[in-house]
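According to TrEMBL, the active site, proton donor annotation covers Tyr191. According to TrEMBL, the feature active site, proton acceptor maps to Lys262. The annotation (S)-malate binding site is assigned in TrEMBL to Arg244, Asn499, Asn543. What TrEMBL lists as divalent metal cation binding site is Glu334, Asp335, Asp358. The domain 'Malic enzyme N-terminal' annotation in TrEMBL covers 168-349. Here TrEMBL flags 359-612 as domain 'Malic enzyme NAD-binding'.
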Amino acid sequence: MFSSTRCAFLSNSGLGGCSSLCDAQRKRSTRFRVVSMTPSSSRSGDRNGSVVMETPLKELKKESTVADVDNNPISAGGPQDVYGEDRATEDHFVTPWSVSVASGYTLLRDPHFNKGLAFTENERDAHYLRGLLPPSVIPQETQVKKMIQHVRQYQVPLQKYMAMMDLQERNERLFYKLLIDHVEELLPVVYTPTVGEACQKYGSIFMRPQGLYISLKEKGKIREVLRNWPEKNIQVIVVTDGERILGLGDLGCQGMGIPVGKLSLYTALGGVRPSACLPITIDVGTNNEKLLNDELYIGLKQRRATGQEYAELMHEFMTAVKQTYGEKVLIQFEDFANHNAFDLLEKYRSTHLVFNDDIQGTASVVLAGLVAALKLVGGNLADHRFLFLGAGEAGTGIAELIALETSKQTNAPLEEVRKNIWLVDSKGLIVSSRKDSLQHFKKPWAHEHEPVRNLVDAVNKIKPTVLIGTSGQGRTFTKEVIEAMASINERPIILSLSNPTSQSECTAEEAYKWSQGRAIFASGSPFPPVEYEGKVFVPGQANNAYIFPGFGLGLIMSGTIRVHDDLLLAASEALAAQVSQENFDKGLIYPPFTNIRKISAHIAANVAAKAYELGLATRLPQPKDLVKFAESCMYTPSYRSYR
């Protein structure tokens, strides 16, 4: 039984709603144990510790002992929000706790609940913050202004990246508020191209662990390692083994910057709650000699495991994830090398909710750009001919999705529409005479044609209307190549997609200049506007960040259990529909990122609708207005008022 003394103790510890606890206890006797987390040597008056409620949270909810419990099982990003923290407003007070009540110095060091100088006078009294903060009270909007000025003072992008990561470790909500309010400016800082440099130098800038590291040392006990992660309601995992980071190659354990960056965008752009996101790096070694000889390298200093040893580790990981987090956890593969990426996707797509962003996400965003571009050049997909430089994960993934959409539109067999799509790899045009030596994922694109060795000859012979670069090789769209495309087409579509900027097949300036301003251009990494003959061209960005946050939200909010190709097509169609006439007038085939959360909501709704149609959704009944439902599920980073 709770006594009045215990009620007073909880009240003094910063736990609001004590009277409701006592009232509930009068109705039903339940045994509680309250444990002070302060060291035994601490003074009895020390308020910097945490108070842990050891009664299960479900029992608390049943007893209605916490005033701000949200009885709706679906909250921001999908998972159950026991304390209604994500649905609270400034008029709906919450207590800064999930299992423990933070106060004093501990509260200021907790990035999930820290508000810095935004703590009000009452909150400073209630949570023992007097004297631990300067006297000024500053609202979140003012903090955002201060932080964007702080980030802008750095001239080096990597320094801006480090400033943002430092903020994320100090004040999570301010980080996301800043990122959302200045998304176009900060997206290149926390994502491509800067994240590539951050991964290259991860060992030297590494300050505090982010995410979960699973190495060969953990083989046989991966499920135990997953349990070490403090959050239990995980809904999205982004995992990499670091073998093919962007266009930079094998960065081993330092590839962690990619899952961390991707999941930041899941929250900022797609509204998935941060606590539901888990970044993971699988460390099986590295073949990068520079890293193996670097004393600051943070990963295993051994050559990469391959074959059965690698397959067994990955299978244990996939099994452990499903056992720990359930059937509906989304596992997003990032930056695996070709020889593993296709095999992993094929092996687990029928048993897990898996998505490869390099294969499927890139394909979806490029298809959306192409569908939008048709409004500028006319015709439909079947009227165009596509030529790719690069036949790896991205190239073949895009090609297949284009073929699927074309087949859907025309009812033509998939094998027939593939004949309009041609790929060039390091050995030249992929043709049928090379079929015996090709990797399995390239064979569907081996058409009847004489061998062609270089790209400019392939352009002149195939006469494509669309040129797509996924090679990871910078400056391979030469002046001759662009001029050849411009001589064949009035409005050539040129997509230079390789990341980071240094690996882009051509720059925006080169594409516009060499095509006499006639090219419809988009790139993987951002380029600034270009002035040519008195006209300003704004290059588009075929950035996966348009797709995967909304796509993931759509899977989560519908409880989808498997990823079907039609869901990717639904995402592409939703993104293409968001391009306005004003965007087309500027030559853009993608909408601006300033509206990305609205765009993500429409993508999520379209994906969810298709999942319900295909019978893949498990969250029933289906909401009547999926767009509004998606928006209601989105995490918002505004500060909450604490009791």
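Cβ from N, Cα, C; glycine included.
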Take every residue in the domain 'Malic enzyme NAD-binding' (359-612), average their pLDDT values, and give the whole-number result.
95
Near Arg244 ((S)-malate binding site), which recorded positions out of Tyr191, Lys262, Asp335 have their CA within 10 Å?
Asp335
Listed in sequence order, residues not in Glu334, Asp335, Asp358 with Cβ within 8 Å of the centre of the divalent metal cation site Cβ atoms:
Thr240, Arg244, Ile245, Ile258, Phe333, Phe336, Ala341, Asn356, Asp357, Glu393
Given the recorded positions Tyr191, Glu334, Asp335, Asp358, Asn499, Asn543, tell me which ones have a C-alpha lying within 10 Å of the C-alpha of the residue listed as 'active site, proton acceptor'.
Tyr191, Glu334
If you draw a 10 Å sphere around the Cβ of Glu334 (divalent metal cation binding site), how many other Cβ atoms fall inside it, taking every protein chain shown into account?
27
How many Å lie between the Cα of Asn499 ((S)-malate binding site) and the Cα of Asp335 (divalent metal cation binding site)?
12
Greatest C-beta neighbour count within 10 angstroms, which of the binding-site residues Asp335, Asp358:
Asp335
Around the Cβ of the residue listed as 'active site, proton acceptor', how many other Cβ atoms lie within 10 Å? Please give the count over every shown protein chain.
27
Can you tell me the CA-to-CA distance separating Glu334 (divalent metal cation binding site) and Asn543 ((S)-malate binding site), as a whole number of Å?
15
When you measure from the Cβ of Asn543 ((S)-malate binding site), which residues in the chain that are at least 6 apart have a Cβ under 8 Å away?
Leu187, Tyr191, Thr192, Val365, Gly524, Pro526, Tyr590, Phe593
When you look at Arg244, Asn499, Asn543, which the record names as binding (S)-malate, what is the longest CA to CA distance in angstrom?
18
